[in-house]
Amino acid sequence: MATTTPAPLSTRVPLAASLMAFAAGITWSFGAVTAKSSTHADAYQYLIWRSIGVIVVIELTSRILGNGWMLPRAYTSGRLMLLGCASLFVASIGFVYALKNTTAANAAFLASITPLVAVVLARIFLGERLTRITVGAIGVALVGLSVMVVSDVDAGNMTGNLAAIASSVGFAIYTVCVRSDQNRDWSPALPGYAAMMILVCGIVTFASGKTLMPPARDTAYALLHGGVFIVAGTMLFNLAARSVPAVAMTIFAQSETVAVPIWVFIVLHERPKASTVLGGTIILTAVIGKAILDARPASNRPPEHPIEPGPGSIA
């Protein structure tokens, strides 16, 4: 992955690239419908076949483009790449498990705190300093998270909620990995984590006495999710990232969070609770608000005093 130089503040964000970034989130959001529609396969069976779809399409595409096999590079590129694969593994298994055990809206909104978790981890592991805007955004997001989680204590959805939060942490760790070595080609991480998923979920499925072959309909849903929605969304996102600044990408990426509960409501008639919508709105406000405030020219915002970690600090 090539290091990109931030565009000047006066530079317009390219419309085509912006639409690709927005379309990436929308494409990813369709996966929630296939996961929720796969009613006979459990999370582990579903993830096995979703991962097979990812690997097959990624490897075929790579071979057609003359780039060779991607999977071996995931395990021969050093410990940081392995950590990236493992973090994507945690993120993916957490999100699908959340979709299977709580509402799609809860899974999407809780997982959307990834950008805020990432800045905290970047402070801890990369030494990046936290500003008051960041700390304020984290505080607001925690309020929204509390509204959603506390309201579900009696609804039996806590395991799903916790899985969604774990998913956001996994994606945040991957973000920190990428930021720590921006010159590295991270494309092998996708088939790399998928191979981990097949191995681990296969062991769990065997140990529980279940079959590796769920009903054909559920298998097709999983293959569609992995081979089409994940791969196509990732390709769109990577293309957009070449031209769209990181701040704008943060905002456009939230299209997935907004679209997931909409598609699931339209297709599966799953209506989110009022507390879910309220908490999710608070979280999105924190994430998008931080991105917008960070994008302002320095002359148009009050001076920021970076917050150093210490006893009782947010870091």
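Any Cβ shown, glycine's included, is placed from N, Cα and C.
Taken from TrEMBL, the feature domain 'EamA' covers 17-149, 159-288. Positions annotated as transmembrane segment by TrEMBL: 47-66, 78-99, 105-126, 133-150, 162-178, 190-208, 220-239.
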Please figure out which one of 47-66, 105-126, 133-150, 162-178, 220-239 racks up the most CB pairs under 8 Å against the transmembrane segment (190-208).
47-66
Let's see if you can do this one: DSSP helix, strand and coil counts over the domain 'EamA' (159-288), in that order.
104 helix, 0 strand, 26 coil
Counting each residue once, how many in the domain 'EamA' (17-149) are helix, strand and coil under DSSP?
109 helix, 1 strand, 23 coil
Roughly where does the domain 'EamA' (159-288) sit in mean pLDDT, to the nearest integer?
89
